[in-house]
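Database features, via TrEMBL:
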type: DISULFID; residues: C118-C276; note: disulfide bond
Amino acid sequence: MALRLVGQQQTVSCLGRCMLTGTVRHQSLRAQQYASAVLQGQCRPSHAKKEMGRLFAEKYSMDISPFVRKNINEDKALFKYEPPFGFHKFFDELQNLLELLPEHDLPEDLKSKHCKRCVVIGSGGILHGSELGHLLNQFDIVIRLNDAPVQGYTDHVGNKTTIRMTYPEGAPLSEHEYHPASLFVAVLFKSVDFSWLQAMVKNETLPLWVRLFFWKEVAEKIPFTSKQFRILNPVIIKETALDILQFPEPRSKFWGWDKNVPTIGVTAVVLATHLCDEVSLAGFGYDLDQPSTPLHYYNNLCMAAMNGQTMHNVTSETKFLQKLIKEKVVKDLTGGIHCEFCVKGS
C-alpha cells in the first residue's frame with residue numbers, strides 16, 4: 001500500500017531540490033553506466049526465481065500465478081485470509097469480477113519472450129536528476145506504482161509503462177498517466193475496492209455513497225478495455241509479508257484484521273520475480289538520516305514526512321531489499337537501497 005501521509009506530515013515539505021552539483025552529476029553518470037551494463041549483459045532465464053528459491057526455500061512459491069485466474073475453486077490458499085492477504089468472505093465478489101476479465105496473464109508477445117527483464121520503478125526522490133529515462137524504457141517490462149507520474153518527468157523515469165500496479169486510492173486521477181498499451185494490476189484491500197474495480201472495468205460511474213468509503217479521492221475512469229485489467233494474486237502479498245518478511249499473522253478482531261501490510265513497492269518486487277527472468281529496481285530507498293531530502297521525485301514532501309507513518313515496516317523492507325541486492329537476486333539501478341556503482345566516500 002502507498003505511504004499514507006496524513007495530517008501534520010502533509011506540511012513537511014522540501015522548499016527546493018538539490019542543485020546538480022558535480023558530485024550529483026557524477027553519481028547520475030555512474031548510474032546510467034550501470035543501468036546500461038545491466039541491459040547489455042546476457043539475460044539469464046529464470047535467474048530471479050531460482051535465486052529467490054535458493055534464499056527463501058519453501059517461503060517462496062516457485063509456481064504461483066501472479067494474477068488471479070478463473071479457477072478459484074481449486075485454490076484454497078486464496079481464501080485463507082481476508083484482503084489484502086487473501087479473499088476470505090469475498091468469493092462471490094471475486095467471481096463476479098473474474099467473469100468480466102477475459103485475460104489473466106501477460107500479453108502473448110511478452111509471455112512468449114524467451115528471457116524477460118523487469119524494472120520496478122519506485123517514487124523515490126533519488127530519481128530526480130538521474131536522467132535514466134531512456135534506459136528504463138529499454139526494459140521488457142516496466143512496472144510503475146500507484147499514481148507516480150510520467151508526464152513531465154520522462155527524462156528521469158522514462159515513459160514506457162507495461163504495468164501500473166495500485167489500489168483505488170492510489171490510481172492516477174489523470175487519464176494521461178495510463179499508457180494505452182499497459183496493464184492495470186489491481187491490489188484489493190477492502191470490500192469497496194471490488195465495487196470500484198467493477199465500475200472501472202465496466203466503464204460505469206461509481207455511486208456517491210460508495211465513494212464515501214475511500215480515504216481519498218479515487219479515479220472516476222480508467223481508459224482501458226477489460227482485456228487490460230488484472231487482479232494481483234493476494235497470496236503474493238501473504239508470501240511477502242508473512243513468509244519472507246516474517247510479519248505476524250493477521251489477528252481477527254471484532255472490528256477487522258490487525259495486520260502489518262507490505263508496501264506496494266516491495267510487493268511489486270516480489271511480483272516481478274514471478275513474472276520476469278531478471279529484475280531491477282529504481283527509485284527505492286528511504287534515507288531517514290537526511291530528513292530534508294526529497295521523499296518523492298514528483299512533489300515537495302521531505303524525508304521527514306516518513307516519521308509519522310505507521311502502516312508499513314520500512315526498516316524490515318529495506319533489509320529485505322538489501323539482501324536481494326547483495327545476493328545478486330535483483331539490481332538497484334539508482335543505489336538508494338544498496339549502491340554497487342557508488343564511489344566510497346562520495
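Glycine too: its Cβ is placed from the backbone N, Cα and C atoms.
Packing around C276 (disulfide bond) is summarised by its Cβ count: 28 other Cβ atoms lie within 10 angstroms of its Cβ, all protein chains included. According to its DSSP assignment, C118 (disulfide bond) is in a strand. Its Cβ placed at the centre, C118 (disulfide bond) has 26 other Cβ atoms within 10 Å.
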